[in-house]
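*Asks:* One structure is given below, represented as structure tokens, and several questions about it will come after.
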Amino acid sequence: SILYIKKDLALQTTMEGLVVAMSLIGATVITTCSGPISDWLGRRPMLIISSVLYFLGSLVMLWSPNVYVLCLARLLDGFGIGLAVTLVPVYISETAPSDIRGSLNTLPQFSGSGGMFLSYCMVFGMSLTASPSWRVMLGVLAIPSLFYFILTIFFLPESPRWLVSKGRMLEAKKVLQRLRGQEDVSGEMALLVEGLGIGGDASIEEYIIGPDDDDDHEETTDRDKIRLYGSQAGLSRLAKPVTGQSSLGLGLVSRHGSLAMDPLVTLFGSVHEKLHPETGSMRSALFPTFGSMFSTADPHIKNEHWDEESLQREGEDYISDGAAGDSDDNLHSPLISRQTTSLEKDLPPPPSHGSLLNNIRRHSSLMQESGDPVGSTGIGGGWQLAWKWSGKGEDGKKQGEFKRIYLHEEGGTGNRRGSMVSIPDEGDFVHAAALVSQPALYSKELIGEQPVGPAMVHPSTTASKGPIWEALLEPGVKHALFVGIGIQLLQQFSGINGVLYYTPQILEEAGVAILLADLGLSSTSSSFLISAVTTLLMLPSIGIAMRLMDVTGRRQLLLVTIPVLIVSLVILIIGSVVNFGSVVHAAISTVCVIVYFCFFVMGYGPIPNILCAEIFPTRVRGLCIAICALVFWIGDIIVTYSLPVMLSTLGLAGVFGVYAVVCVISFIFVYLKVPETKGMPLEVITEFFSVGSKQAAAAKNE
């Protein structure tokens, strides 16, 4: 539309650039505050505001009597763009199951390219008329923005992770049940609560895990064995620690032959190398009847704030203070209740576990039609969530420890380590790696503050006490910020905007427009038609990326597609320098531009936003995403305004040369610094960043 705006309003070059840049400026400004505000208000309200800004901006653009009003409208439009681009990947990552999160997060790329194709088709059709209206071109945005508003108001639930971070457990549970299509979401609810913690002392351990034959769940007398508990009722498991370095821990010191390889990359890689297809789904049944922390509770205590989700079962004859109110602000109704305190742990459980536990057991298992159980401890990607309690020491004075564990089957059964543990039935034992850390429900900040037991206070109340900026100094968060900022900056400098903005000029110089002129099309209509065809060819490529994002993974897609970008740019440079003849030059340039676009949208287009939405803890996700998005928009502005200067000084071949060099740097950065996150729960990813960063730093110091 700028071609027609320039003629209609008689714009000078400076004002023309300002009209184009106002949306970028608006997106950059709104991005600086979008993250913290979304952490405060929620993801859904910010997306609703985005749709309203789109709608208002389109109406003002449709009316614009002069360039100043048009700039204001473009600013409003930029605000809507900034909110959508920043928060949509966050929302999708926080709501999607881990095994399809990458595919769903590629949808914005698909819908964006589809929208570009439709807009080019519309503008191409209008360019064939006697007097195309740029106001209609811009004002038509009101139609999709109205649909956007209706969808966000009536169909979009709030992010369950954000709800849990605010202590609104009942709402989070209902949203998860709606999204997952099942009633039993206790395992994932427990996972979301655990995701509220940041940092903490974490370690990588290795266990041989087998059945617990003790029906009374009394504390084991074998000091070499640990009883593990799950998030709901069932049999607990006994775990025997394996001495020596875990295969996951080896990832921290293994550099795959390269001193520059980030050990965190090999740590993530060690998980995916050992992931078997049968353990990679959300329905992983490593512990199909895993135990419950409720098995050690005293059911006769009936006046405390128990978990509301457990109290509202059918036939329940138990009412708590936490469940008595109708308010959703049930901060004092934690997922695991006060049975975790050391005082109660010392008391033997009564013969009958009471009506509370019986009701939980009756409703705890969900069977698929196929007959395969859905383990409530399964949290996606072959991972399981559990807790362990280590009792008092031999002198009786040492207080026991309560730890949270993320377990991942390593593909080997107990017979591979037969010397480590006595195995009556080899098929019942599993070899698993474990990420062990302080649980959010029993955090250091809560210990000593609550006389009735630290688990009586929801972790969100503790998480909100400290300054959020301090969390950015955690080693895992700093490491994730380095990866996120680096990949966003390199993506912008890899040349996509340069090739996108100058595609008509590139193809026109190559003689493609001359070929289309034989059809009776003007140069302007030809450029629109070429751009429409190019964006149409992107759509199948994005479809392939959606299929591969959760199969081959983000890292592998980048390592495969970036070299193709480099080759395409190099051939464009050669075509600009060497004279191949008009027809050959036109064919080479067209093919290279199309190949560049198609492979860019398969990898480097969607993956930076996907990664940035995955690698930060829940509490600071909005803030960190805002920082990365701010870098994205600043890079966009730099590239946009440096292009004319670079073209005048270096020429088109020189510009493509710079982009090719940046793509080479991008490949090296991805290979050395960007880990693979496919299929992993967000909380496990952030835990990996935490433990990997701290142990890598400790190894360097040693």
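Cβ coordinates come from backbone N, Cα and C, glycine included.
Sharing the feature lines straight out of TrEMBL:
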DOMAIN    1-678  domain 'Major facilitator superfamily (MFS) profile'
TRANSMEM  17-38  transmembrane segment
TRANSMEM  44-63  transmembrane segment
TRANSMEM  75-92  transmembrane segment
TRANSMEM  112-129  transmembrane segment
TRANSMEM  136-156  transmembrane segment
TRANSMEM  528-545  transmembrane segment
TRANSMEM  557-577  transmembrane segment
TRANSMEM  583-602  transmembrane segment
TRANSMEM  623-643  transmembrane segment
TRANSMEM  649-672  transmembrane segment
*Asks:* Taking the transmembrane segment (623-643) as reference, which of 75-92, 112-129, 136-156, 557-577 has the most Cβ pairs under 8 angstroms?
*Replies:* 75-92
*Asks:* In the same chain, who gets a Cβ under 8 Å from the transmembrane segment (17-38) while lying at least 6 residues past its ends?
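*Replies:* Cβ under 8 Å, 6 or more out: 2, 5, 11, 46, 67, 70-71, 74-79, 81-83, 85-87, 90, 162, 468, 621-627, 629-630, 632-634, 636-637, 640-641.
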*Asks:* Thinking of Cβ pairs under 8 Å, which stretch from 44-63, 136-156, 528-545, 557-577 has the most of them with the transmembrane segment (112-129)?
*Replies:* 528-545
*Asks:* If we skip the immediate neighbours and take only residues 6+ beyond the ends of the transmembrane segment (557-577), which ones have a Cβ under 8 Å from one of its Cβ atoms?
*Replies:* 494-495, 506, 510, 545, 548-549, 585, 588-589, 592-593, 595-596, 599-600, 602-604, 607, 651-653, 656-657, 659-660, 663-664, 666-667, 670-671, 674
